[in-house]
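Student: The structure under discussion is supplied below as C-alpha cells; questions concerning it will follow.
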C-alpha cells in the first residue's frame, strides 16, 4: 500500500508545488502590515524579542507559565541571527569606511569637503547597521513564517493526493484509470483552494500559534496511517505521532483532531486480532510522546529557567476554571455560523457538497475505515466540542484547515466532473471568486488597522523618547517587536490582566462577573480614571501633596481617535500637549474604543509649572 501511494505522480511536481506556495506566501507576508489580534505579537514575537535582546515586556501568560516556548523560540533564533548578521555587517562596513576615510584624507587633505565626507563615512556603519537590524527584526520573522506556512500548505496538498490514491476503486480498472488521471486535477484544486483561501491569505503568515498548530497538524495528517494499520511499522507513522504530539503540547485542544482516527485504527487492529501491531502502535505512541515531551520540557525550562509544564497549566486555566470567560463569551453556534464561513471562504459550496455526498466509490469492510468518514466525523466532533467552550474565536478552528481543504478539493472534483460540464459559461465566472477572495484579504492585510503597526515604526525612528504611554485598550499595538528601543526610560500602557487570584476560589464564577481590569475601569468612566491615576497635566504644583499616581504624563502619548473625541481633546487643550502625528487605522471597527485614527500627542518642553502661579 505504501508503494501504491507513491507510484502515480501528478503533472505538477512536488518541488514545483512547494516553490509556488513559497513565492506566494513570501509576498503575502511582506505585504501584510496590519493588526489583527494581540496574540500575533504578544504570544510569539514579544517573548522571543525579550529573550533575544534582553528587554521588552511579557504578558501574564508568560509570567504564569501557560504557554509553551517552542513556537516563540523559532523567532528568538531568527532575532539572534539578525543580531549576529548586523554585528558582522557593522565590522565589515567599519573596516571599509575606515579605509575609505583614511584614503580620502591622505589623497585630498586640503579640502574641507574631504574631511566632511570622511566623517560621514565613519558614521555610515552605525546608521546602516541600525537600520539593517531594525528591518531584520520586522521582516525576518515574516519570511520565516512564510516558509513555515509553505511547508504546511505543501503537506496539505500531499495529504489530499495521498487520500485520493488510497481511496481508488481497485475493482474497476476502467474507473481506476479515470480516477488516476484525475490526480493532477485534484492537486490543482487543492493548490488553488489553499493559495486563494481568504483566511489563509489573511492569517497564515501571521505569527499566531494557531498557524503553527495547523502546520504541524498538516504534516502529521499526511504521515498518518490511513490504511487501518498496514503502515504502522513504517517510519512515516512515527513522524505523524511526533508532529501530532508537538501540536498537542503547543495547544492541548489539538488532541481532538486525533480522537476519531486513533479510535478507528485501534478498532480495526482489535477487530482483526492483530495484537502485535497494536503493541507496536502503543509502543510508538509512548516513545514518541516521551521524546516530544522531553524536548518540549527542555525548551520550556530554557525560557522559564525552571521546570515548568505549560500543558497542564493551560488545561487548568481554560478547562477547570471559569477564567477563560474573562476574554469574552460567544453563543454556542458561533463556530458553525461565523468561524466556519470565515475560515472556508469561497470554498463553502465545494465543502458543503463534499460534506454531504460520498467522495469515494471504493467500498470499505467497515465504515469507520473510510478516511473520508473519519475526516467528516473529526470535523463535526471538533466543532461540537469547541462550541461548548465559552470563549470562541475564528482562529481556534484554523488547525482544521487541512481537513476543510481535503473535503473541499474532493467536493470540487466531483462538481467539476458531474455538473460543471453543463455550465461551461458559469464555470469561467466562478474562477473569478478565488481571486476576489485574495483581493479582499490583501486589502485587510495592507489597509484595515494599519495604524497600529505604522505608529510603532514611526516611534522607532524618533530621535529621543524619554517617556511613552498608551491610553487605549490593552495590547492594541505590538510592543518591542516593532518599537525595538531599549532607551525609553518610562514606557507604559493600560493593562488587562485576568483575575488570577481567583484560581482555586470556589466563588470564582460569581466574583468574575464583577471583576474589572484597568482597561475596564478606564472606559467605564474616562474622566474619573484620568483624575484618579494621572496628575494634573498643567502644573506640577497642583498635585495633591503626598499622593502617588499610577501613571505620569509622558512626552509621547498615543491614543485612538475615540479617546480623543470622548475626553482628551478638551482635557489637554490648555496643556503643553500638541497633536504630533496621526495615522489612519480603520474606517470602522467592531470595538468602538479602537475606532478612527491613531494619534500621537507630544508634550512640549515648555511647562506651565515654570511660571509662578501669581503670574498666570
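Glycine is treated like the rest: Cβ placed from N, Cα and C.
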Student: Regarding membrane topology, does Swiss-Prot annotate residue 12 and residue 217 with the same topological domain?
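Tutor: Topo match: yes.
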Student: For the record in Swiss-Prot, which of the ranges 111-131, 216-236, 279-299 is the transmembrane segment one?
Tutor: 279-299
Student: Would you please say which range out of 361-381, 424-444, 445-465 has the annotation transmembrane segment in Swiss-Prot?
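Tutor: In Swiss-Prot, residues 424-444 carry the label transmembrane segment.
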Student: Of 393-413, 477-497, 498-518, which range does Swiss-Prot call transmembrane segment?
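Tutor: My reading of Swiss-Prot: the transmembrane segment range is 393-413.
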Student: If I go by Swiss-Prot, the feature transmembrane segment sits on one of 66-86, 318-338, 339-359. Which?
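Tutor: In Swiss-Prot, residues 339-359 carry the label transmembrane segment.
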Student: Which listed range (17-37, 137-157, 189-209, 241-261, 279-299) shows the maximal number of Cβ pairs under 8 Å with respect to the transmembrane segment (339-359)?
Tutor: 189-209
Student: What else in the chain is close to the topological domain 'Lumenal' (360-392), if you only count residues 6 or more beyond its ends and a Cβ gap under 8 Å?
Tutor: 163, 166-170, 172, 175, 226, 228, 253, 256-257, 259-261, 263-264, 267-268, 271, 318, 322, 324-325, 327-330, 332-336, 339-340, 400, 403-404, 406-407, 410
Student: Determine whether the transmembrane segment (189-209) and the transmembrane segment (17-37) share at least three Cβ pairs under 8 Å, counting only pairs 6 or more apart in sequence.
Tutor: yes
Student: So what's near the transmembrane segment (279-299) in sequence-distant terms, Cβ-Cβ under 8 Å and 6+ beyond its ends?
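Tutor: Cβ under 8 Å, 6 or more out: 68-70, 73, 229, 232-233, 237-238, 241-242, 245-246, 249, 265-266, 269, 307, 309.
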Student: What else in the chain is close to the transmembrane segment (17-37), if you only count residues 6 or more beyond its ends and a Cβ gap under 8 Å?
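Tutor: The answer is 139, 142-143, 145-147, 149-151, 153-154, 157, 187, 191, 194-195, 201-206, 208, 393, 395, 442, 444-450, 452-454, 476-478.
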